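Chemist: Please see the structure below; I have some questions.
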Amino acid sequence: MIRASAIQRTAMLLRQLRGFSTSATLADKIKVKNPIVELDGDEMTRIIWQKIKDQLILPYLDVDLKYYDLGIESRDATDDQITIDAANAIKEYGVGVKCATITPDEARVKEFHLKKMWLSPNGTIRNILGGTVFRESIIIPCIPRLIPGWEKPIVIGRHAFGDQYKATDLVINEPGRLELRFTPASGGEAQTQKVYDYTGPGVGLAMYNTDESITGFAHASFKMALAKGLPLYMSTKNTILKKYDGRFKDIFQQIYEQDYAAEFEKQGLWYEHRLIDDMVAQMIKSKGGFVMALKNYDGDVQSDIVAQGFGSLGLMTSALMTPDGKAYEAEAAHGTVTRHYRQHQQGKETSTNSIASIFAWTRGLAQRGKLDETPDVVDFASKLEQATIDTVEVDRIMTKDLALAMGKTDRSAYVTTTEFLDAVADRLKK
């Protein structure tokens, strides 16, 4: 009997060391009805991503992960076809979770001996799926906010299409006229407008957007606001860009009145267009609790401001959602944490915040559960999020960035990358 008991204890210990809980048998795992597309990434986040999967996901879920390695070497070896395949897989299965990836610059091309300077994987995926990028901060009450008044979530919807990010720009080296010309495909008369008469060197730019993309952006934004139970504000500078930004304003208003006004009123919510400068001022003064629909550049900038205002860039989720809700991709809003990865390569201690990467998994799982109508999967995602928050809020176990945000600089105030994930795993078992 004693020997049998010792064997049982040893077996239990081995399971725990492998990252499995005592209830981790296949029969006890929660069944995820349909596949999730997993997009692996680079550097420190790649290491964290694997640990999250091994410690917090696979021990509890019976899930079919369609794996695509979007690490920079894999993208280079496949001429970036792996990114295209991954995006199409998300389109097929409906839900993807993505690790942070490197977007190579000239230095990265040399470092990895790349064939070329590959495009951003996020940009490629967005172009294939369409949709809107929504960024939302993860609120942990004990983490001081740079903007103390923010008590409720602020969700930033970024129209990730066109504008400056697909613009054509040029350097002007001599006097001359810059013109904007549109030639109809129907063969009709071309339209030409003078932009500027240069008397010396300068720069020029032309950018675009489409009614189709703006319409999709509007639908995704209204649906997100309803899903979150929050009012929606659309912000532009239509007083200056009367036709360009005015088109955004008009399309949003038309779609709201046609398709969403009744449901918004039913839920006690509202939609309003505001000038971007006025909206930013109101955002700073507010208590939070709304969705902001912003053009591409504005959304890029404001999402980082909101993240830092809530306490840390490491506490922000990012989700790409199509207007019809049939494709959804979740990821952390931060990068690959190169500086920590260099320390890891040297065998040095790291204290990297994994919370946003954990939430990439949970948000993807929650969406999968909603689509599949499997509340146990949604419930697990919620429990994992709460376990992560409680590790910081209740146990006061946190990584260095969060400790510094609380004004704590002693080494005893924070734990290593691995120790934090271990603590979350322990919390999840309770």
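Placed from the backbone N, Cα and C atoms, the Cβ positions cover glycine too.
On a predicted model such as this, the values are computed, not experimentally measured, just so you know.
Straight from Swiss-Prot, here's the annotation block:
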type	residues	note
BINDING	Thr101, Ile102, Thr103, Arg108, Lys285, Gly335, Thr336, Val337, Thr338, Arg339, His340, Asn353	NADP(+) binding site
BINDING	Thr103, Ser120, Pro121, Asn122, Gly123, Thr124, Ile125, Arg126, Arg135, Arg158	substrate binding site
BINDING	Asp277, Asp300	Mn(2+) binding site
SITE	Tyr165	site 'Critical for catalysis'
SITE	Lys237	site 'Critical for catalysis'
TRANSIT	1-27	transit peptide
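For each listed feature, how buried is it and what is near it?
Modeler: DSSP classifies Thr336 (NADP(+) binding site) as coil under the three-state reduction. Within its own chain, Thr336 (NADP(+) binding site) has Gly41, Asp42, Glu43, Met44, Thr45, Arg46, Ala100, Thr101, Ile102 as residues 6 or more apart in sequence whose C-beta sits under 8 angstroms from its own.
If you take the C-beta of Thr103 (NADP(+) binding site) and look for same-chain residues 6 or more apart in sequence within under 8 angstroms, you find Trp118, Leu119, Ser120, Pro121, Asn122. DSSP gives Thr103 (NADP(+) binding site) a coil state; it is part of no helix or strand.
Residues near Asp300 (Mn(2+) binding site) in space but far in sequence (CB under 8 A, at least 6 apart, same chain), listed by position: Arg158.
Within its own chain, Tyr165 (site 'Critical for catalysis') has Gly123, Asn296, Tyr297 as residues 6 or more apart in sequence whose C-beta sits under 8 angstroms from its own.
In the three-state DSSP assignment, the secondary structure recorded for Lys237 (site 'Critical for catalysis') is coil. Neighbour count (other Cβ atoms within 10 Å of the Cβ, all protein chains): 15 for Lys237 (site 'Critical for catalysis').
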Chemist: Going by C-alpha distance, which of the recorded positions Lys237, Asp277, Lys285, Thr338, His340 is nearest to Ile125 (substrate binding site)?
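Modeler: Minimum Cα distance from Ile125 (substrate binding site) across Lys237, Asp277, Lys285, Thr338, His340 lands on Thr338.
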Chemist: Fill in the CA-CA distance, Arg135 (substrate binding site) to Asp277 (Mn(2+) binding site), as an integer in Å.
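Modeler: One finds 20 Å between the Cα atoms of these residues.
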Chemist: Between Asp277 (Mn(2+) binding site) and Lys237 (site 'Critical for catalysis'), how far is it from one CA atom to the other, in Å?
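Modeler: Counting only the Cα atoms, the answer is 8 Å.
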Chemist: Relative to the Cβ position of Asp277 (Mn(2+) binding site), how many further Cβ atoms are located within 10 Å?
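Modeler: So the Cβ neighbour count for Asp277 (Mn(2+) binding site) comes to 11.
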Chemist: Sorry to bug you, but what's the C-alpha spacing from Lys285 (NADP(+) binding site) to Lys237 (site 'Critical for catalysis'), rounded to the closest Å?
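Modeler: Checking the Cα atoms of Lys237 (site 'Critical for catalysis') and Lys285 (NADP(+) binding site) gives a distance of 20 Å.
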Chemist: Taking Arg135, Lys285, His340 as the binding-site residues to compare, which has the smallest set of other Cβ atoms within 10 Å?
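Modeler: Checked Arg135, Lys285, His340; of these binding-site residues, fewest Cβ neighbours within 10 Å: Lys285.
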